[in-house]
């Protein structure tokens, strides 16, 4: 109480019956018991209540509050003017009313915690029966009851929303934990799965409002799943390292074998061997990228060395066969110009051409058949031209010559087969067969002569 404020005595005892008027006693009166004073808030214009309507002051200074429940003493005013007492206890009522109004506004605007507002309203309602104020306390009680009831509804709605939010947040973490467990159990795309687990953790950190015990259990699920994934991934790459080590050793052996074959001149067999080595290379799998690339360069260098040499040898052989074919073309041109009217001269010239033909050597398979066909046509032409006037000794000599040529080609075929030159052996056998047929034809002609 300030020096400028009249002293008053407030009582918080039970209100007496109106007929029992207290008698003043000499000496100081006890002051009011301490009660919580409503907090003052800066508010707009609020019409003050009329304390005269809800109270009275006895001649001895006793201040009475009048309410629906009756009258009760709220204090004693000994400082002079009763109007000052009405003003004092009226201001205290207005302060309490203002506090209740602010509570109501916070509740209506949603700026206050409904649970705290409800508790505050209940606490203030409990102080009304002993509040040292003059005013319409019944109206305040009704307002506090209304605030309490509405706060309870709002708090229930808030609680429902919180529970819904908690359920939704819990469901999100449940889904993330389940996804992490699925990745831990089945994922094989390790980088993608690892990135996703990190993204799950980032999202996890943004989810709040989950019950602590539930949150701890869900976190344990996620953490266990992440550990399981990391172990699986570690095991996978450890096994991959072991496999790559085995692949590396296998491919090193293939490289060594390829390098051994790179200088071979057995073109056919070595080509087949290189094809097998390449198939083995593809079946061996892959080592780590840098190792695999280095081994492949080594293998391919050996392979290229062999095939470059083979291609050069093949080109040289093909050039030789073309030259032989050109030489035999020239002999054929000479043979096809022979004058068969002088069959003795024609036969002699043809024998010389045949000897040169054999000395030239082989030609490519594509041209051999055509060249042989043309030569046999010339031989047939010369033979038929001379058959009319052959003598027996001449015919026998011719048949013997054919047999000798057949035996010569048979001998060449045997030598080629023994050396593994299959193609050359086949060609020699074909020539031997042709000459054998001519020898047999010549022998048949002798037997048919008169």
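Including glycine, each Cβ sits where the backbone N, Cα and C put it.
Among the features that Swiss-Prot reports, compositional bias 'Basic and acidic residues' is placed at 1-10, 395-414, 421-430. Marked as region 'Disordered' by Swiss-Prot: 1-56, 387-450. The compositional bias 'Pro residues' annotation in Swiss-Prot covers 19-39. The annotation coiled coil is assigned in Swiss-Prot to 163-192. Among the features that Swiss-Prot reports, compositional bias 'Low complexity' is placed at 431-450.
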Across the coiled coil (163-192), what does the mean pLDDT come to, as a whole number?
93
What does DSSP give as the helix, strand and coil breakdown of the compositional bias 'Basic and acidic residues' (395-414)?
20 helix, 0 strand, 0 coil
Tally the residues of the compositional bias 'Basic and acidic residues' (421-430) by DSSP class, grouping H, G and I as helix, E and B as strand, and everything else as coil.
9 helix, 0 strand, 1 coil
